[in-house]
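Novice: Below are the structure tokens for one structure; questions will follow.
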Amino acid sequence: MYSNKVNRLMLGLNNLKATSVSSVVRRAAAPRGLSWTTVCRERTQRLRRSAGLGMSGAHSASQSTLDSSEVRRFQPLASKWWDEEGEFAALHAMNDLRVPFVRDNLLSVHRARHPGKPLAGLRVLDVGCGGGLLSEPLGRLGANVLGIDPVEESISVAQLHSSHDPDLRDRVSYRACTLEELSEGEQGAAQFDAVVASEVVEHLADLETFAFCCSHVLKPGGSLFITTINKTNLSYALAIVVAEQLLRIVPTGTHNWEKFISPEELERLLESNGFTVQSVQGMMYSPLSGAWSWADSTAINYALHAVKEGHGAEDSSSHPEEHTETTHS
């Protein structure tokens, strides 16, 4: 099982700039009447051919972020998003790490101007938001959050839950769509100060399209935050055998080891789409305590922060990040 390694994406393309590439493909698409989704797919195919990569492999099946089998898997779970003791208990607990990770790294670039609402004035896109478990706390920190998810049932749950909190009604909104649908055309360009994709990339059909569209919707200097699972023997043993089959921490079949991605591969993919990776930090979940903690090793779970190349509102060089050491182990 472990001998089948994912083909290395984007070898030799690290010098491509996503901003220039996206402007070129938008101009090329206009006279041909192509949709933005089609542009993303065609660019993905061209880049893979240039890199000598075929259309085989875990991340190259469809040139779309949407995996219909993942949608079908999450549809019957939609009503359980806000059960803190249920199937998504580990995601609820992960907020203790991922919310400060997003907040602190954003504040290293954007100074807080509103006491009690440090992210006020920032637009954040939560990709694969599910029931809004991460969208809501980011909204309470003052950010204007748009959560997107292809599972309409999950979006309905998210909308209903947030409607009960007056503090969120004008800050958090949701839309049932894919990332490429949101990024369609010029109107989707450079909308957000940050994109968050937490426990999402391991469920996507095509990561090149994901990275390209993230770059498209982000403002220059904007931040991309990802939490996901490394592709190692240990991650298979713990994330699938133990977590799914033995302890039933998450539903059986939630993860596919072939779709896991290492920090090194993810970093190369992001750099080829105009990002600079700022930090990678290992994460560890304890089934006994039900709590997450930061770890030196990235062998199982990890969090990544990358910045889109370009000049943002403030120079981040004068505000060192809390998590600056990159560890791949």
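Glycine is treated like the rest: Cβ placed from N, Cα and C.
Annotation source TrEMBL lists S-adenosyl-L-methionine binding site at Arg98, Gly128, Asp149, Ser198. If you look up TrEMBL, you'll see Glu199, Glu202, His203 marked as Mg(2+) binding site.
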Novice: For the recorded Mg(2+) site, whose residues are Glu199, Glu202, His203, find every other residue on that chain with a C-beta no more than 8 angstroms from the centre of their C-beta atoms, and list them by sequence position.
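Specialist: So the extra residues in range turn out to be Gly128, Val200, Val201, Leu204, Thr228, Ile229, His255, Lys259.
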Novice: Sequence gap of 6 or more, C-beta under 8 Å: which same-chain residues meet both conditions with respect to Asp149 (S-adenosyl-L-methionine binding site)?
Specialist: Gly128, Cys129, Gly130, Ile155, Ala158, Tyr174, Ala176
Novice: What is the separation, in Å, between the Cα atoms of His203 (Mg(2+) binding site) and Arg98 (S-adenosyl-L-methionine binding site)?
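Specialist: Spelling it out, the Cα of His203 (Mg(2+) binding site) and the Cα of Arg98 (S-adenosyl-L-methionine binding site) are 18 Å apart.
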Novice: Give the distance between the Cα atoms of Arg98 (S-adenosyl-L-methionine binding site) and Glu199 (Mg(2+) binding site), rounded to the nearest whole Å.
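Specialist: Checking the Cα atoms of Arg98 (S-adenosyl-L-methionine binding site) and Glu199 (Mg(2+) binding site) gives a distance of 11 Å.
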Novice: Sort out the sequence-distant neighbours of Ser198 (S-adenosyl-L-methionine binding site) for me: same chain, 6+ apart, CB within less than 8 Å of its CB, listed by position.
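Specialist: Once residues fewer than 6 apart are set aside, Ser198 (S-adenosyl-L-methionine binding site) is near Leu91, Met94, Arg98, Asp126, Gly128, Leu134, Phe225, Ile226, Thr227.
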Novice: Name the residues of the same chain, 6+ apart in sequence, whose Cβ is under 8 Å from the Cβ of Glu199 (Mg(2+) binding site)?
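Specialist: Within the chain, Glu199 (Mg(2+) binding site) has Cβ neighbours under 8 Å at Leu91, Met94, Gly128, Thr227, Thr228.
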Novice: Enter the number of other CB atoms within 10 angstroms of the CB of Gly128 (S-adenosyl-L-methionine binding site).
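Specialist: If we count other Cβ atoms within 10 Å of Gly128 (S-adenosyl-L-methionine binding site), we arrive at 25.
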